[in-house]
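Q: Handing you this structure, nothing more for now.
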Amino acid sequence: MAKGLLVTYALWAVGGPAGLHHLYLGRDSHALLWMLTLGGGGLGWLWEFWKLPSFVAQANRAQGQRQSPRGVTPPLSPIRFAAQVIVGIYFGLVALISLSSMVNFYIVALPLAVGLGVLLVAAVGNQTSDFKNTLGAAFLTSPIFYGRPIAILPISVAASITAQKRRRYKALVASEPLSVRLYRLGLAYLAFTGPLAYSALCNTAATLSYVAETFGSFLNWFSFFPLLGRLMEFVLLLPYRIWRLLMGETGFNSSYFQEWAKLYEFVHSFQDEKRQLAYQVLGLSEGATNEEIHRSYRELVKVWHPDHNLDQTEEAQRHFLEIQAAYEVLSQPRKPRGSRR
């Protein structure tokens, strides 16, 4: 069935960062890339506005072809090469955050993550690359920079160069049912976000505070578009919701689960509820004056400073960071409800 340009633009506008239009066009690798990067940080999604006609034409041509081009090498694309390097670094950073505690992380997990990121970009559209050679380049480069986070960059560059040298057109395959494609994409999405969610659940309060601030700042960008903001919130918290549904509350250590619950509330209601939580942390009632907020903050910082609690450093650090975050929230001028500024 021929793909329509108007339908593609509609899906691009409604669910572009989630890759709905690519799913419609049969570009599953591109859809997965957009799911994992939220449309290339939004920039790739916007840039595609002018590329959609060529994507639709390419999808319709593929339906009419009976065999893929043989002996023809796709043209070299600097944009694809740059995207391979960037996504490889991105996958490596995610692995560094979520899997760095693994034994032989710099030998196995890091090059595998970077190589898969490079291969994902290489498989966008009607092109692909050699799986073994690309991963082989990543694994051969990794020991040279063993134990150094900077290893992500040379591994990504080496894998990207190899992927470009081995680039080729995809072989034509019979179309698969949508349910099978969605199942495969869902597994890939969970494989990427699962370790990251687990690390966030079991990591220190510093990581939780950083993630909360990042999510809150990101969601604030969508304050002008409530529906889109709720969609982004749903996507960001989807791994947590799935994990909680499967594991239940018994699957978490109680103290860390309570910390994540606070983070969840922080993100889920990032304006009014965020301030209410900040008041609770500082032990104040809602509507306290700036002087009361500052006084409570100074008193609690003295009590919970890690240098003053050497016998319970971890708990002191958690409270100290919560107090710092709460004070920053309450120090910001409150936006009136319904305001557009």
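Glycine too: its Cβ is placed from the backbone N, Cα and C atoms.
Per Swiss-Prot, the feature domain 'TM2' maps to 3-50; the stated evidence is sequence analysis. Sequence annotations record features per position, and here Swiss-Prot assigns domain 'J' to 277-341. Annotation source Swiss-Prot lists transmembrane segment at 5-25, 30-50, 81-101, 105-125, 135-155, 185-205, 218-238, citing sequence analysis.
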Q: Who are the long-range neighbours of the transmembrane segment (135-155) in its own chain, taking Cβ under 8 Å and residues 6 or more past its ends?
A: 88-89, 92-93, 96, 106-107, 110-112, 114-116, 118-119, 161-162
Q: What else in the chain is close to the transmembrane segment (81-101), if you only count residues 6 or more beyond its ends and a Cβ gap under 8 Å?
A: 33, 37, 40, 109-110, 112-118, 120-122, 149, 151-153, 155-157, 159-160, 163-164, 192, 195-196, 198-199, 207
Q: Could you give the residue numbers and ranges of same-chain residues that sit at least 6 residues beyond the transmembrane segment (5-25) on either side and whose C-beta is under 8 angstroms from one of its C-beta atoms?
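A: For the transmembrane segment (5-25), the list is 31-35, 38-39, 42, 45, 48-49, 52-53, 55-56, 59, 181, 185, 231-232, 235.
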Q: Can you tell me which parts of the same chain pack against the transmembrane segment (30-50), counting only residues 6+ beyond its ends and a CB-CB cutoff under 8 A?
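A: The answer is 12, 16-23, 83, 87, 90, 120-121, 124-125, 185, 188-189, 192-193, 232, 235.
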Q: Of the residues in the domain 'J' (277-341), how many are helix, strand and coil by DSSP?
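A: Across the domain 'J' (277-341), DSSP assigns the residues as follows: 45 helix, 0 strand, 20 coil.
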Q: Can you work out the mean pLDDT of the predicted model over the domain 'TM2' (3-50)?
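A: Across the domain 'TM2' (3-50), the average pLDDT comes out at 89.
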